[in-house]
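This report concerns only the one structure given below.
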Amino acid sequence: MSKPVQAVKASMSNPKAWVVIGLTVAGIVILAETHRRRRKGKRRANAIREDFGAFVEKFELLPFPQPPPPALKQPLAGLSFAIKDIFDVKGYVAGFGSSGWAETHEAAGKTAVVVTALLKNGAKCVGKTVMDELAFGMTGENTEYGTPVNPKMPSHIPGGSSSGSAVAVAAELVDFALGTDTTGCVRIPASFCGILGYRPSHGAVSTVGVLPNSPSLDTVGWFARDPSIFCRVGHVLLQLKTIEPRRTRRILFANDLFQLSKVPVPKFKYIVTQTVEKLSGYQPPKHINFGQHIASSVPSLKGFREQSTNHQNGISALKALSSAMLSLQRCEFKTNYEDWVDSVKLRFRPHTTACVQTAISTSTENIKTLYKIRSEMRAALHDLLKEDGILVIPTIADPPLALNMKKRSFAEFYDRALTLLSISSLSGCCQATIPLGNHDDFPISISFIAFHGADKFLLDTVSDMYSSLQEQASIVSSSLPLPDTNGDMDASELLKEKGNAAYKGRQWNKAVNYYSEAIKLNETNATYYCNRAAAYLELGCFRQAEEDCSRAISLDKKNVKAYLRRGAARESLLCYKEALQDFKHALVLEPQNKYASTAEKRLRKLLS
């Protein structure tokens, strides 16, 4: 036996040699895996640079041939579109935003009705886009396929669940894109990416060949940058008539809902008012308290409402509405997917896991009540809007959240968002999201809502108003000038007393006017601001009430009423943490204050 072989045999009998060999092999495996992941990461990075990470899969579905003359040119000829990974395409698996779903389902035998309709009308489909897993979520994040990059704010979320479709349009990769909207899945990404988005009347666009999340809430929506393309796509999908008699339009501005927005209310009011004044066929905007209308018109919400003080009734009703919407979504998801979830035992990302587990454990006993709420909501909106009304609301209250924020609290963000989004979802009414440029460097938008079935009326309104809205948005100032003062103390006290008398007589608008005149004469009196805040609270003008109380506190650090009223305003604005701090301040100043004590306990429980 040769010496080299003897040396090898000797070394193999040594345990230390095996350790060295094991470590060497492990090192090689680790290096190979690291290299593979780097290659995969580079491919993903290159893909993101090319398409902003919007696509799950790219392919081409060519449009149907153009009919010979004298047939008219196809309305969508020459346009490209993408579809959310929730639509069936023959020969492809609709992935539902989850590899686990894709692996447990077969390729579709037919293409979704809406996709076929677009192909028949001349458009070309170029691929499927990223979405939130199982259509649960409003951030647009997907850890498995990657989060699409918001072209307007790359370091922030694109919004979801139809995130990839919105990004593909905003990044000018396609002319338009399809998404689905259940609880805001088109409206949120449209707003965050600064493009047009549409949620049609429930049932107006076919959902055949579309994976359901909650059939009573699901709609097929779309995105576009150009208002002409936006409306042309709508005419195709909704099969609308090309001519409809011109109607006068009533614009209803939901004051209480704009209080939830982080954008100054005067900015929105100015843009809408100036636009309406420049156009013919529009009545001057009417300002309403939408929450109070719902509180009085949807009695079945009673079981979902929390205890609240009188001035919170409107917002309380809308919070109850969002709670009912989520309950309905969970009940129907459970009906559709409980067996699949139990059989596959898949692991989802934490947010999806929480949504799925909550849905599967939901009781369906109150499903009839939820359907009744849906019917009452539709009737309430029709009663308010009738045949000629357009409800104007903020699409979403907050700017896009930053990506990868650690220990962030979604509670307030979700509550404020769902309060606004539940209106169309539960009523089934149609809603258009319209970009209005930027505020503090983030995209902002408003939404127009028309009654169920009024899609042609709403699309015509968007087409009519769009250019004027953009013009006014580009020139409007984000703040209004403060009133002048002349320091007349005696007159200001008299005005304050008149304001107090009007307040006691429940004439709150008149009280606000008196207190405002008193403030013009004396800007350094904390009581005037605090009293006006009380009147604003009764009117549902929570943002103004918060601002007045903050001013009062800056003038008088020991003003207990200002802390209490600001706390009430912030709670109504769903800013629970800030409200809790205000009630704590009030308790420090007045430890026996029962209102502050009760509010503090309520908010602690809510935040926990």
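Each position is counted from 1, following the chain as shown.
Keep in mind that glycine also has a Cβ here, set from the backbone N, Cα and C atoms.
Here is what TrEMBL records for this protein:
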TRANSMEM  17-34  transmembrane segment
DOMAIN    73-226  domain 'Amidase'
DOMAIN    322-459  domain 'Amidase'
REPEAT    492-525  repeat 'TPR'
REPEAT    526-559  repeat 'TPR'
REPEAT    560-593  repeat 'TPR'
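Tertiary proximity for the repeat 'TPR' (526-559) is limited to same-chain residues at least six positions away from its ends with a CB under 8 Å from its CB atoms, namely 255-256, 258-261, 265, 289, 291-292, 310-311, 314-315, 492, 496, 499-500, 503, 506, 508-509, 511-512, 515-516, 518-519, 565-566, 568-570, 572-573, 589.
Mean pLDDT of the predicted structure over the repeat 'TPR' (560-593): 95. Residues of the repeat 'TPR' (492-525) grouped by DSSP class, helix first, strand second and coil last, total 27 helix, 0 strand, 7 coil.
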